[in-house]
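Copied over from Swiss-Prot:
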- Cys425, Cys431, Cys470, Cys474: [4Fe-4S] cluster binding site (BINDING)
- Cys474: siroheme binding site (BINDING)
Amino acid sequence: MTHSVEDIKSTSRRLRGSLEQSLADPVTGALREDDQTLIKYHGSYQQDDRDIRDERRRQKLEPAYQFMIRTRTPGGVISPSQWLALDGIATRYANHSLRITTRQAFQFHGVIKRELKATMQAINATLIDTLAACGDVNRNVQVAANPLRSQAHATLYADAARVSEHLLPNTRAYYEIWLDEERVSGSGAEDEPIYGDRYLPRKFKIGFAAPPHNDVDVFANDLGFIAILREGQLLGYNVSIGGGMGASHGDAETWPRVANVIGFVTGDQLLDIATAVVTTQRDLGNRAVRKRARFKYTIDDHGLDTIVAEIERRAGFSLQPAQPFAFAHNGDRYGWVEGEQGDWHLTLSLPAGRIADTDTAAHLSGLRAIAQLQMGEFRMTPNQNLVIAGVPAEQRAQIDQLVAQYGLDAGNLAPTALARGAMACVALPTCGLAMAEAERYLPDFSAALQPLLERHGLAQTPIVLRLSGCPNGCSRPYLAEIALVGKAPGRYNLMLGGDRRGQRLNTLYRENINEADILAALEPLLARYAAERDRHTDEGFGDFLHRSGLIALPPYPTHRHLDLELLA
């Protein structure tokens, strides 16, 4: 019998279900159906290798079940020792690779069921956990990865960690199932003051941004905190609500949305406002139709003013007026940069966030060698790249030698700025929702675009490119200047017109087309951009498309862009 997600949550005994029995079943590599939902809250998804699914079916074998495990690493900061431990886990239990996500977490792929518990224990031994990395709860909290402003970053990171801890599910299930914590009387009846019996209607995402950099794409988050800095001092945060990327092809009842800025709070009000926002979504969100369950639809269905008033009522105070701020871009800066405290930070471009040893670069081995130096820290960026941070000036040469030896700067040396900054979700072969390739197709598509960019003198012009294997939008494609959203194998929707700041949604330009048609559609647009763009303002491709009337805002019924006058 198939149970609804809401029923599974409410009867799970605080996320326990029958997970222990599923894990102990030697007959199958899969979990029981209800437990496949519950394990998400513990930080894992059951998947199978879709490349060999048909062959296994012909052989009358069950699918090649495996598990993806995602870490909870608020702000994406870990120590060299933790890096080495995670590297060892990837080599021993997973598919010999690590993957940096767009939310600054790690993903391990290819873990089999009988090694799932040992893998979880190994991760926790590093003082990193996976609780609430997935599921209808608050997910990993993003933080701006700006390495220049060390003091401001430290404050943002600390605040994000506070919010992350505060919004964790209150259950011992995780520790009982994975870490063999002794069960006590009343297990399964813990008080859950924030989430209640049914948790949230859908996933919930929070990001902390530090203007002028919007690397977290804060307006794609359900709840955003935009740091207001004056002369290096953090005054507090502007609050934004209602962002979200997911949609369904051809369904006018679903759409991506850019968040609204609703006011300003001080640092000591963070937990109260976060709790108020989350519980408002808990109680008012749509639990009957999951595709309409995200917070963005709650806002659109009830009205922004109604939701803001409810948030203020629950918080016990009124929001102050939003403070002026401005974003310049949402990308990363590659290579070495000097921090405000005199140390140095090296940003490496990692295509689609994949860390593995390949024919072109030995990222897994090379980063292991750097971690063994035990200096600084590793910071994952929301653009799936990596910052080796806090390097003393006298040790830069040692890092440079390892970078050259292992080819770690292969991404930094990509022939186009577009390729250096592109993002893609995992998609095939492991994601069950993927309709087309994304991560595996990104290098080929970037290479196919290269001649067009070079022909028009745009090779070193930053253009935001993102690929997604399905319309759920894990790579935040709807904010990109150019996006491919998978429709079927080898076919994509071409979306155009986002901007470099993460403030405007793009628009469907061509539907369900192949690579040749995509390139043919882009050629005349890139030619006009090269010839007619405003070079005095460094006009972006998406901005040019709108100024020239070549594209309009998308026809979604609600918030499609952030009004620039709010940023004055």
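Placed from the backbone N, Cα and C atoms, the Cβ positions cover glycine too.
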By a three-class reduction of DSSP, Cys425 ([4Fe-4S] cluster binding site) is assigned coil
Within the same chain, the residues at least 6 apart in sequence whose Cβ is under 8 angstroms from that of Cys431 ([4Fe-4S] cluster binding site) are Gln47, Cys425, Gly469, Cys470
For Cys474 ([4Fe-4S] cluster binding site), the same-chain residues 6+ apart in sequence with C-beta under 8 angstroms from its C-beta are Thr101, Thr102, Met245, Cys425, Val426, Ser468
Between the binding-site residues Cys425, Cys470, the one whose Cβ has the fewest other Cβ atoms within 10 Å is Cys470
For [4Fe-4S] cluster, residues beyond Cys425, Cys431, Cys470, Cys474 with C-beta within 8 angstroms of the site's Cβ centre include exactly Val426, Ala427, Leu433, Ala434, Ala438, Ser468, Gly469, Asn472, Gly473, Ser475
Cys474 ([4Fe-4S] cluster binding site) falls, by DSSP collapsed to helix, strand or coil, into coil
